[in-house]
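Record features, source Swiss-Prot:
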- His149: active site, charge relay system (ACT_SITE)
- Ser151: active site, charge relay system (ACT_SITE)
- Glu163: active site, charge relay system (ACT_SITE)
- 1-23: signal peptide (SIGNAL)
- Asn152: site 'Critical for activity' (SITE)
- 25-28: topological domain 'Periplasmic' (TOPO_DOM)
- 50-56: topological domain 'Extracellular' (TOPO_DOM)
- 129-138: topological domain 'Extracellular' (TOPO_DOM)
- 149-173: topological domain 'Periplasmic' (TOPO_DOM)
- 29-32: transmembrane segment (TRANSMEM)
- 34-49: transmembrane segment (TRANSMEM)
- 57-71: transmembrane segment (TRANSMEM)
- 74-89: transmembrane segment (TRANSMEM)
- 101-115: transmembrane segment (TRANSMEM)
- 118-128: transmembrane segment (TRANSMEM)
- 139-148: transmembrane segment (TRANSMEM)
Amino acid sequence: MKKLLPLAVLAALSSVHVASAQAADVSAAVGATGQSGMTYRLGLSWDWDKSWWQTSTGRLTGYWDAGYTYWEGGDEGAGKHSLSFAPVFVYEFAGDSIKPFIEAGIGVAAFSGTRVGDQNLGSSLNFEDRIGAGLKFANGQSVGVRAIHYSNAGLKQPNDGIESYSLFYKIPI
């Protein structure tokens with residue numbers, strides 16, 4: 001069953017209908033946890049196609065992000081999977097061919113177990129908090145770094161939480 005989860009995720013992501021007015025992106029990320037484990041993430045995002053506080057310095061925008069992460073490492077919680085969904089706010093600084101940006105978001109994530117790496121999350125359903133920074137190029141591609149924290153916000157004990165620190169690459173589709 002657990003080996004079928006990545007295939008089910010890819011099938012679900014490929015069957016999502018994206019409105020023609022919204023831009024979609026695919027991302028890949030490789031990261032490490034604070035406990036020496038590795039993470040591998042595939043994501044699909046949809047631009048909100050809205051801007052706020054647009055000035056000569058930059059603008060605030062955002063996107064919806066859906067992701068699948070494979071968690072490797074740890075004695076008791078190796079080989080776990082998670083699905084996540086989050087709204088992400090992005091402040092994009094002004095620029096011609098390269099636009100630096102910072103991002104932050106809070107969403108939800110469902111894990112294939114309560115132990116991930118050497119951490120006990122206490123619950124399979126957790127919150128996802130993220131911050132990141134990167135560069136967006138004129139062709140729509142982006143590269144950056146991201147820190148994501150997962151925990152159940154104290155709704156169930158134990159609540160060790162776990163982090164993923166990653167490098168990502170995003171391309172428009």
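Cβ coordinates come from backbone N, Cα and C, glycine included.
Swiss-Prot feature annotations superimposed on the structure.
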residue: His149; record: active site, charge relay system; Cβ contacts under 8 Å, 6 or more apart: Glu128, Asp129, Arg130, Gly161, Ile162, Glu163
residue: Ser151; record: active site, charge relay system; Cβ contacts under 8 Å, 6 or more apart: Leu121, Asn126, Phe127, Asn159, Asp160, Gly161, Ile162
residue: Asn152; record: site 'Critical for activity'; Cβ contacts under 8 Å, 6 or more apart: Leu121, Gly122, Ser123, Leu125, Asn126, Phe127, Asn159
(request) Give residue numbers and ranges for long-range contacts of the transmembrane segment (118-128): same chain, 6 or more residues beyond its ends, CB-CB under 8 A. (result) 35, 37, 74-77, 84, 86, 105-112, 148-153, 155-162
(request) Quickly jot the same-chain residues contacting the transmembrane segment (139-148) by Cβ under 8 Å, restricted to those at least six beyond its ends, or write none. (result) 23, 25, 27, 29, 31, 101, 103, 128-133, 163-172
(request) Using DSSP, tally how many residues of the topological domain 'Periplasmic' (149-173) sit in helix, strand and coil. (result) 0 helix, 14 strand, 11 coil
(request) With a Cβ cut-off under 8 Å, give me the same-chain residues at least six positions beyond the ends of the topological domain 'Extracellular' (129-138) that come close to it. (result) 86, 88, 92, 96-107, 144-150, 168
(request) Measure the Cβ-based neighbour count of Glu163 (active site, charge relay system), defined as the other Cβ atoms within 10 Å of its Cβ. (result) 19
(request) Take every residue in the topological domain 'Extracellular' (50-56), average their pLDDT values, and give the whole-number result. (result) 93
(message) I need to check the long-range neighbours of the transmembrane segment (101-115): which residues 6 or more away from its ends have a CB within less than 8 Å of a CB in the stretch?
(response) 2, 5, 62, 65, 74, 76-77, 80-93, 121-136, 142, 144, 146, 150
(request) Count up the helix, strand and coil residues in the topological domain 'Periplasmic' (25-28) according to DSSP, in that order. (result) 0 helix, 4 strand, 0 coil
(message) With Cβ-Cβ distances below 8 Å as the criterion, list the same-chain residues six or more beyond the ends of the topological domain 'Periplasmic' (149-173) that contact it, or say none.
(response) 23-35, 39, 41, 43, 45, 69, 71, 82, 109, 111, 116-117, 119-123, 125-130, 132, 134, 139-143
(request) Count up the helix, strand and coil residues in the topological domain 'Extracellular' (50-56) according to DSSP, in that order. (result) 0 helix, 1 strand, 6 coil
(request) Could you pull out which residues elsewhere in the chain have a CB under 8 Å from any CB of the topological domain 'Extracellular' (50-56), counting only those six or more residues past its ends? (result) 62, 94
